[in-house]
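J.: Sharing a structure, written as structure tokens. Questions coming.
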Amino acid sequence: AEYTDKEEVVLWMNTVGPYHNRQETYKYFSLPFCAGSKKTISHYHETLGEALQGVELEFSGLDIKFKDEVMQTTYCEIDLDKAKRDAFVYAIKNHYWYQMYIDDLPIWGIVGEADENGEDHYLWTYKKLEIGYNGNRIVDVNLTSEGKVRLMANTRIAMSYSVKWKKSDVKFEDRFDKYLDPSFFQHRIHWFSIFNSFMMVIFLVGLVSMILMRTLRKDYARYSKEEEMDDMDRDLGDEYGWKQVHGDVFRPSSHPLIFSSLIGSGCQIFSVSLIVIIVAMVEDLYTERGSMLSTAIFVYAATSPVNGYFGGSLYAKQGGRRWIKQMFIGAFMIPAMVCGTAFFINFIAIYYHASRAIPFGTMVAVCCICFFVILPLNLVGTILGRNLSGQPNFPCRVNAVPRPIPEKKWFMEPAVIVCLGGILPFGSIFIEMYFIFTSFWAYKIYYVYGFMMLVLVILCIVTVCVTIVCTYFLLNAEDYRWQWTSFLSAASTAVYVYMYSFYYYFFKTKMYGLFQTSFYFGYMAVFSTALGIMCGAIGYMGTSAFVRKIYTNVKID
């Protein structure tokens, strides 16, 4: 915002909470701080994203005017009785610190500190603000906490502040750069991990194209020569078993309703990730509170037709009849999972009186988005999908009687393939997971969305390659249950990510307490599941194209 000289500059108090538990935050005035004398203020409206992330802006009551210096001034006094002293001591023991905003720039300050032996506790009482301005805009804010006062019951503590204005050369557009941490995000390891994953991609793509060219060419040659072969060769040729199942490979999967809903949801999650990352690369979303979340919700609602289209067309291809039920399940699967987790964590937040407790009005708003935006758009997508690509135009006829599945070695069983399938995709993303986790659960601002985009592309290629290889082996073992296997062998990445989140919790963070722990594992479960559904859908889409391709060229008697 632009200011004129002497115009009011508002210091907003946001939240206070333990340093190690980033999500456990409380209203600033839930600690017995006192507010300044100035009461009137232009009202502040919060966005949907802020309401969901527990931003609770309250006016500090400090009188700050643009370019108007303030010498150390007492703005209020705290009457410290025993209860208030205990509240402050508890906060200091748990390393509480608070966050404030001036002109949307965040400022952090620590509540107080204990001395070495931990018996006396001191409160910082003097907020020294240094504000940098460039022309008529605020470009930099620094807070120094001074004035250590020992906490003793039945005393009065005077809280004071001072404001110094200094000219700064920082451009308004670059004022957030000081909050970014290039040494962390653009570390050599980050570049190395991308390069590493990239090499893996080249290897896998090579492997898949080798399978496609060499084996399939050989197989096709053998099948066309089969008439002239003697019995001995024919027995050797049995391992090329994928042709044997041509009459069953396009049989509808078991539980087609759930399966097509999962594929639809996965395609939607993928398109949301893609669009949000592109938007974040173009616009610096990290400069505004809650804007990332608001963007994600908006994009998710807007991409609902994608979900309906892919889910509906797949369900129609598999000969499904209850398409309205499929549409409802597809539309509400992800929102129900997210809202269910949020609801459970909300109970704990209300019990803790934390600022993360989602207000009732916000819940109603989210439900309205689900019913009045997501559902109708999903319906549009489903109708389009059923009518445009709902015909089962498979290259091979499906036999009337299912073929018995022969015995095979233990490592060819679908269950084993599913477990092994997730390892390589997880390997290609886990370094990036560390950076994303750290920016969410610790105090780093994630800004390297170009990296994230690369990792998403690499993840897609690796996932598709791995599931194609898995499916090829499965079909060679004359097992035609490839739909669920291809979905689950890609989706098992999620299990590895969730296991990694346990490692991260115990070794990389210092979180404690019921609220933060349930918040962490609840939302990590949601994140992992969404990632798994996305990978599964990508894997299935790639494999489906592969299966269609190889059976198109087969000569069928």
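Backbone N, Cα and C atoms are what each Cβ position is placed from, and that goes for glycine too.
Whatever TrEMBL says is automated annotation, not expert-curated.
Marked as transmembrane segment by TrEMBL: 191-213, 257-281, 293-316, 328-352, 358-380, 415-437, 449-475, 487-507, 519-541.
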J.: Which stretch from 449-475, 487-507, 519-541 shares the most C-beta pairs under 8 Å with the transmembrane segment (328-352)?
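T.: Per the Cβ count, the answer is 519-541.
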J.: Among 191-213, 358-380, 415-437, 487-507, 519-541, which stretch has the most Cβ pairs under 8 Å to the transmembrane segment (257-281)?
T.: 519-541
J.: Where else in the chain does the transmembrane segment (415-437) make close Cβ contacts, counting only residues six or more beyond its ends and a cut-off under 8 Å?
T.: 184-185, 189-190, 193, 197, 200-201, 204, 446, 448, 451-452, 455, 458-459, 462-463, 466-467, 470, 473-474, 485, 488-497, 500-501, 504, 508, 535, 539
J.: What residues in the same chain, six or more past the boundaries of the transmembrane segment (358-380), come closer than 8 Å to it by Cβ-Cβ distance?
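T.: For the transmembrane segment (358-380), the nonlocal Cβ contacts are 48, 51-52, 297, 300-302, 304-305, 307-308, 327-328, 330-332, 335, 339, 342, 346, 349.
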